[in-house]
Structures are given as structure tokens and as C-alpha cells.
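Q: Okay, handing you the structure first.
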Amino acid sequence: MTARDWFLKAQTGGWAIGAFNADNLEILKAICLAAKNKKSPVMVEFSPGEVDYFGLRNIVDLVKNAREEYRIPILLNLDHGRKVEDCLAAVNMGSSTSSGSSSFDLIHFDGSDSELEENIHNTKKVVEAAHTKGLLVEGEIDKIPGASEIHDQDLDSELVKKSYTDPQKAAKFVSETGIDIFAAFFGNVHGTFPNQPDLDFDLLARIRKSLPDTFLSLHGGSGIPADQVKQAIEVGKIVKVNVNTELRQAFRDALTEKLGEKPNEYAMYKVMPDVILSVAAVVESKIDIFGSAGRV
Ligand SMILES: [Zn+2]
């Protein structure tokens with residue numbers, strides 16, 4: 001099944017696929033292990049910083065190997081690609097077919113730093129290249145604030161509300177670019193904040209209505225209460241929920257604890273299995289919230 005098939009299946013069934021960032025090899029293993037345990041399709045994704053760290057070719061090879069090893073559907077996404085050339089480099093790593101993908105399945109081009117017309121122009125370039133290879137493209141017009149970290153400063157919620165998605169603008173963007181997935185912004189922020197905003201479900205319903213033929217994603221899946229995530233999947237028919245911060249947090253906390261327990265251990269591969277299990281537990285709990293368990 002292609003990424004489109006999986007998204008259609010999720011949309012029809014009222015559940016979503018978790019898109020989990022792999023900050024390092026152990027988190028990648030944790031994501032695959034959790035998905036296998038839960039018999040769930042899963043998306044692994046790499047932000048520009050993570051791509052720089054791993055290298056594009058290593059990412060493709062690691063995911064290809066993981067698909068064979070774990071025997072579950074593992075979709076691969078370039079997360080928040082900010083340069084057209086970076087997106088094209090990922091597109092050119094291979095193609096997606098009905099018998100499965102040989103590399104990337106989805107390219108998220110994030111042109112939200114640019115004015116709308118420039119964003120449309122650049123997104124179209126990515127869409128043309130990606131669609132030729134059978135890959136899907138995710139687009140974004142509203143800068144979803146925050147980084148994938150634990151913020152200790154409050155968010156200026158009133159200021160942030162001003163940049164929530166305008167459904168009409170979103171419809172223009174989608175019709176002019178031909179993107180497959182739209183990254184909607186309705187109170188979801190990257191990372192966690194002391195004053196985490198509530199999701200705006202009225203706005204989400206209007207976005208859904210204005211984009212009847214487009215898949216929707218929910219970025220900033222960390223720190224949003226489970227009931228709000230479930231409601232968003234229901235109201236917005238969201239098919240992809242991005243999670244990064246909570247995995248990084250689980251990794252770091254578990255690693256710190258393990259190193260404290262074993263001050264004389266220098267072989268890191270002996271420390272990592274327990275760390276992987278800790279991260280996998282977080283991924284499994286997200287898979288339960290998203291409703292994707294048992295769908296394979
Ligand atoms: Zn994001």
C-alpha cells in the first residue's frame with residue numbers, strides 16, 4: 001500500500017498514523033519496535049537537523065532495512081524541508097509504487113517563512129517533482145510556532161492566535177499547488193509550553209470544510225492532551241499526527257537514568273536497550289491514542 005492508500009484507510013476508519021521524528025538511531029529502533037508490537041502502520045520522519053545528522057542516504061538505507069526487519073508498513077517523511085533543493089534531493093532518492101516505497105513516501109515542504117505567492121511558487125516545484133515519482137507532498141502556510149523542545153517560557157497565546165490557519169487562504173494554497181496534505185494550525189504548537197493552548201475545534205471544522213479533498217496533518221503532537229488529539233482526529237479527519245519532543249524527552253531522561261545507574265559502563269550499546277524500551281513505551285501510548293493499533 002502507498003502512503004495515499006494508508007491515509008485513505010485512516011481517514012475512512014477515523015484514525016491517524018503517527019509521524020515520529022527519529023532524532024537518533026535508538027529512537028528510530030524504538031519507533032519501529034513500538035509499531036511492530038502494536039501491529040500499527042507508522043511514519044518515521046526526519047527534520048532538516050536530523051537529516052544533516054544522519055545523511056540522506058543513510059536515512060533511506062536504515063528505513064529500507066527496518067521495513068524488512070520489522071515487517072510492518074514504515075512510511076518515510078522528510079519533515080519541514082525548508083529548501084526546494086533539499087526536498088528535490090529526497091524526491092530523487094527513489095520512487096513509491098503500489099508494492100511499496102523504495103525510499104521517501106512523503107515530502108513536507110515548509111515554505112511558511114515566505115510570502116504566500118512565493119510559497120505557492122516553491123511548493124508547486126516540489127509537487128511537480130514528487131508527483132512524477134508517486135510521492136505525496138505536505139504543504140504549510142502558517143508558521144507553526146515553537147521548536148521540538150520543552151519550552152520554559154509561556155507562549156503569547158493572543159499573538160499566536162493571529163497566525164492560525166485562514167480556511168480561505170488554505171483553499172487557495174491547496175488549489176494552486178496541488179499538495180496532498182495540509183499542515184493545519186489551530187492551536188497546535190511545536191514542543192511543550194507551560195501554558196499549552198487548547199485546540200480550536202471550530203476553526204478545525206472550517207478548515208476541514210474548505211479543503212474537502214485534502215488530507216490534514218496535526219503538527220506538535222507532543223503535550224496536547226489525549227482527548228483533544230482524539231477529538232481533532234474526529235473533527236478534522238486528521239490522518240497524520242507529528243510527535244517529536246516527547247520522544248526526545250523520553251530518550252534523554254532514560255539515558256540519564258541509565259548512566260547514573262551504571263557509572264562504570266562505557267559500552268553504550270549495552271545501555272541503550274532499556275533506553276529504547278522507554279522511548280517505545282511513549283510511541284506505543286501515542287499509537288493507542290491515534291487509533292492505529294491493529295491496523296496492519
Ligand atoms: Zn512540525
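Here the Cβ of each residue, glycine as well, is placed from N, Cα and C on the backbone.
Note that TrEMBL annotation is computational and uncurated.
According to TrEMBL, the protein carries these features:
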type	residues	note
ACT_SITE	Asp79	active site, proton donor
BINDING	His80, His190, His219	Zn(2+) 1 binding site
BINDING	Asp110, Glu140	Zn(2+) 2 binding site
BINDING	Gly191, Gly220, Gly221, Ser222, Asn242, Val243, Asn244, Thr245	dihydroxyacetone phosphate binding site
Q: Enumerate in sequence order the binding-site residues Glu140, Gly191, His219, Ser222, Asn242, Val243 whose Cβ-atom distance to ligand 1 is under 6 angstroms.
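A: Correct list: His219, Asn242.
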Q: Output, ordered by sequence, the same-chain residues six or more apart from His80 (Zn(2+) 1 binding site) with a CB under 8 Å from its CB, or 'none'.
A: Ser47, Pro48, His108, Asp110, Glu140
Q: So of His190, His219, which of the binding-site residues has the fewest other Cβ atoms within 10 Å around its own Cβ?
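A: Lowest Cβ count within 10 Å among the binding-site residues (His190, His219) is His190.
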Q: If you pair up every Cα among Gly191, Gly220, Gly221, Ser222, Asn242, Val243, Asn244, Thr245, the residues annotated as binding dihydroxyacetone phosphate, what's the maximum separation in angstrom, rounded to an integer?
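A: So the maximum pairwise Cα distance among the dihydroxyacetone phosphate binders is 11 Å.
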Q: For Asn244 (dihydroxyacetone phosphate binding site), list the number of other Cβ atoms lying within 10 Å of its Cβ atom.
A: 26
Q: Which number gives the other C-beta atoms within 10 angstroms of the C-beta of Glu140 (Zn(2+) 2 binding site), all protein chains shown included?
A: 26
Q: If the Zn(2+) 1 site is taken as the center of the Cβ atoms of His80, His190, His219, which further residues of that chain fall within 8 Å of it by their Cβ?
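A: Once His80, His190, His219 are set aside, the remaining close residues are Ser47, Asp79, Asp110, Ile144, Gly146, Ser148, Ala183, Gly220, Asn242, Asn244.
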Q: Using C-alpha atoms, which one of the recorded positions Asp79, His190, His219 comes nearest to Thr245 (dihydroxyacetone phosphate binding site)?
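A: Closest recorded candidate to Thr245 (dihydroxyacetone phosphate binding site) by Cα: His190.
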Q: Which chain neighbours of the dihydroxyacetone phosphate site, leaving out Gly191, Gly220, Gly221, Ser222, Asn242, Val243, Asn244, Thr245, have a Cβ atom within 8 Å of the mean position of the site's Cβ atoms?
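A: Other same-chain residues with Cβ inside the cutoff are Asn21, Ser148, His190, His219, Gly223, Glu246.
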Q: Want to know which recorded positions, from Asp79, His190, His219, are within 10 Å of Val243 (dihydroxyacetone phosphate binding site) at Cα; which are they?
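A: So the list is His190, His219.
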Q: Mind giving me a neighbour count for Ser222 (dihydroxyacetone phosphate binding site)? Other Cβ atoms within 10 Å of its Cβ, every protein chain shown.
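A: By my count, 27.
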Q: Could you measure between His190 (Zn(2+) 1 binding site) and Gly220 (dihydroxyacetone phosphate binding site) for me? Cα positions, answer in whole angstrom.
A: 4
Q: Which one of these binding-site residues, Gly191, Gly220, Gly221, has the sparsest Cβ neighbourhood, judged by other Cβ atoms within 10 angstroms?
A: Gly191
Q: Which of the three DSSP-derived classes (helix, strand, coil) applies to Thr245 (dihydroxyacetone phosphate binding site)?
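A: In the DSSP reduction, Thr245 (dihydroxyacetone phosphate binding site) maps to helix.
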